Amino acid sequence: VDRDVGMGGGRNIPQIITSQDPLSISLTVPSSPIKKPPTSCNTNTLAHTHSLTDDAISCRDRPTSAASYGSVIVHERVTTLVKLFKARTVRKKEKLMDPDDSEEDSPQASPAKAPPPPPEEGKDISAPVEEEEVEEYWDFYGYPIKIFKLPPLPSWLQTIVDYRFPSSIDPYTDLVYVVWLFFVMMAWNWNVWLIPVRWAFPYQTADNIYWWLLMDYTCDLIYITDIMVFQPRLEFVRGGDIVVRGSGYSHILEMDCISMFPMEIFYYFTGVNSLLRFPRLLKYMAFFEFNDRLEAVMKKAYIYRVILTTSYLLYSLHINACLFYWGSDYEGLGSTKWVYNGKGNSYIRCYYFAVKTLITIGGLPDPTTVFEITFQLVNYFVGVFAFSIMIGQMRDVVGAATAGQNYYRACMDNTIKYMTSYHIPTEVQNRVKTWYDYTWQIQGMLDEQELLIQLPDKMRMDMAVDVNYSIVSKVALFQGCDRQMIFDMLMRLKSVVYLPGDFVCKKGEIGREMYIIKQGEVQVVGGPDLKTVFVTIRAGSVFGEISLLAGGGGNRRTANVMAHGFANLFILDKRDLSDILVHYPESQKLLRKKAKTQPKGLRGKVKWMVWDMSLGEGKGGRDG
């Protein structure tokens with residue numbers, strides 16, 4: 001630095017500090033000019049400037065104290081550099097707080113790309129370029145043998161070929177596993193329903209035995225695939241950790257392995273007897289697991305529960321029909337009036353007998369032998385219990401399906417009873433009934449908070465973000481605020497339904513809430529009869545923020561806002577917003593800054609919106 005000053009004759013040479021980060025910019029720090037100190041040179045050497053020698057160079061002026069002047073230069077440049085960094089930090093901070101008020105120039109748009117050159121004449125640009133096929137040969141003892149390439153597979157077949165089975169399966173969220181459970185459940189039902197039929201009725205003959213065996217072994221193949229491929233990959237929770245079932249056999253997997261015990265080896269002694277396949281029924285857990293997973297996926301699970309309860313009743317009748325045919329065959333077909341006489345379709349006739357017995361309809365022939373009397377007594381005894389259990393279970397299913405409707409009806413009846421006892425005017429009663437009906441039709445419940453309060457805070461926040469964030473994020477007032485602040489605010493929002501003609505707020509009221517329109521429209525009205533509509537505010541708009549953000553006084557409503565049709569609004573209380581902004585001072589500063597720039601009160605905003613609508617389409621922005 002001293003050499004530059006001494007030899008340059010007091011030139012002002014800026015020092016360029018290059019940043020090490022390739023993404024950062026370089027700052028140029030101007031250096032202050034330094035006064036040239038008094039010099040003492042030989043005057044004779046100045047007369048011969050055209051032939052300057054080394055002795056003359058040594059006689060050039062130098063500063064009296066190089067170290068002192070150098071420290072002054074470094075101090076000034078460091079001070080200037082610190083000021084530049086502080087100014088740049090302030091500008092960047094203001095830009096982040098309010099991008100619209102940033103004083104920095106907008107970046108210049110990148111130059112448009114040059115249009116592609118025109119295609120050559122006589123050349124078809126749409127024609128694909130054909131790749132030259134390279135023939136490959138295999139050397140077999142000196143003789144080249146051409147290797148033929150297979151044609152490419154279709155896209156769907158290639159997807160199947162490239163599919164890789166997952167190493168672990170989540171049984172609660174994986175829909176592929178639910179589909180697979182359906183096939184396992186069908187294989188189990190094949191054994192449950194048809195093993196008794198093949199044992200009791202003469203439907204398994206030498207002519208169709210191979211078809212029965214084909215279906216049996218197909219079901220066994222499904223069982224084996226489930227045990228060897230799916231079950232070892234299932235995830236379960238043990239000690240709070242998610243563990244793959246293959247790391248330790250569970251009770252369910254042991255039961256599945258027992259169900260595949262090869263009892264068919266006894267076919268060599270007894271022939272094809274369906275009772276030897278009875279261990280296949282031990283895989284019953286797959287049936288109940290499929291029911292649980294399917295009910296969790298279905299929107300109206302009570303419909304499947306009704307079907308499931310009906311199937312239980314039909315299966316009990318099915319078993320009774322098989323037992324009745326076995327008893328008739330044991331006594332002798334047609335030997336008495338009580339047994340099956342062997343005419344008509346054997347299964348239908350026996351099933352009819354089971355229905356009349358289990359449901360205790362009566363009208364059956366009286367049993368004559370001891371076996372028939374004992375069989376019929378057991379039938380009646382089991383039938384009474386089975387039928388009563390089915391009726392009770394059906395009542396529970398229907399009651400669970402209509403529990404919400406019953407709660408809504410009870411609340412409405414109690415409210416009507418209260419209004420009647422206090423002689424509430426009929427007009428008010430009708431509006432209350434209308435609110436109940438509309439709220440139940442739209443939401444399916446009367447109070448959303450009553451349902452969400454049972455969930456942890458993290459899950460409630462996730463649900464609130466998924467449902468309401470798309471609406472709140474479009475509000476211009478909250479654009480630029482901290483994202484987590486908006487998430488916390490979503491937890492405090494309350495959904496309120498207003499009927500047509502209801503006043504959301506009136507002129508002169510103390511403003512304690514801010515409103516965000518979720519669905520419907522509201523109107524700013526005035527005039528002597530409150531029939532004059534100044535502007536209509538639509539979904540996605542916010543009003544009432546001026547009163548909410550104002551400190552001290554000046555928080556009275558300045559206009560009347562009335563619901564036009566049914567309107568669903570989000571309400572944010574002033575106290576809740578204050579509790580949130582305590583933890584986000586930057587967002588609080590930004591909101592207050594935006595509140596100051598907005599038109600004061602609803603009257604000023606109405607004028608602004610009416611003027612904006614006269615230019616084009618009304619935005620329906622914000623009403624304080």
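A Cβ is built for glycine as well, from the same backbone N, Cα and C atoms used for every other residue.
Note that TrEMBL annotation is computational and uncurated.
On a predicted model such as this, the values are computed, not experimentally measured, just so you know.
According to TrEMBL, the feature region 'Disordered' maps to 93-125.
The transmembrane segment annotation in TrEMBL covers 175-197 (among others).
For 209-230 (among others), the entry in TrEMBL reads transmembrane segment. Within the same chain, residues 165, 169, 177, 180, 183-184, 187-188, 190-191, 198, 253, 256-257, 259-260, 272, 277, 280, 283, 286 sit at least 6 positions outside the transmembrane segment (209-230) and bring their C-beta atoms closer than 8 Å to a C-beta of that stretch.
Residues or ranges marked as transmembrane segment by TrEMBL: 265-282 (among others).
Residues or ranges marked as transmembrane segment by TrEMBL: 302-326 (among others).
What TrEMBL lists as transmembrane segment is 373-391 (among others).
Residues or ranges marked as domain 'Cyclic nucleotide-binding' in TrEMBL: 477-581.
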Hey, which of 175-197, 302-326, 373-391 has the most Cβ-Cβ pairs under 8 Å against the transmembrane segment (265-282)?
175-197
Tertiary contacts of the transmembrane segment (373-391) (same chain, 6+ residues out, Cβ under 8 Å):
309, 312-313, 316, 320, 323-324, 327, 338, 357-360, 364, 367
So if I exclude everything within five residues of the ends of the transmembrane segment (175-197), which remaining residues of that chain have a CB under 8 angstroms from its CBs? That is, six or more out.
169, 203, 215, 218-219, 222-223, 226, 230, 234, 274-275, 277-278, 280-281, 283-284, 286-287, 289-290, 293-294, 297, 315, 318-319, 322, 347
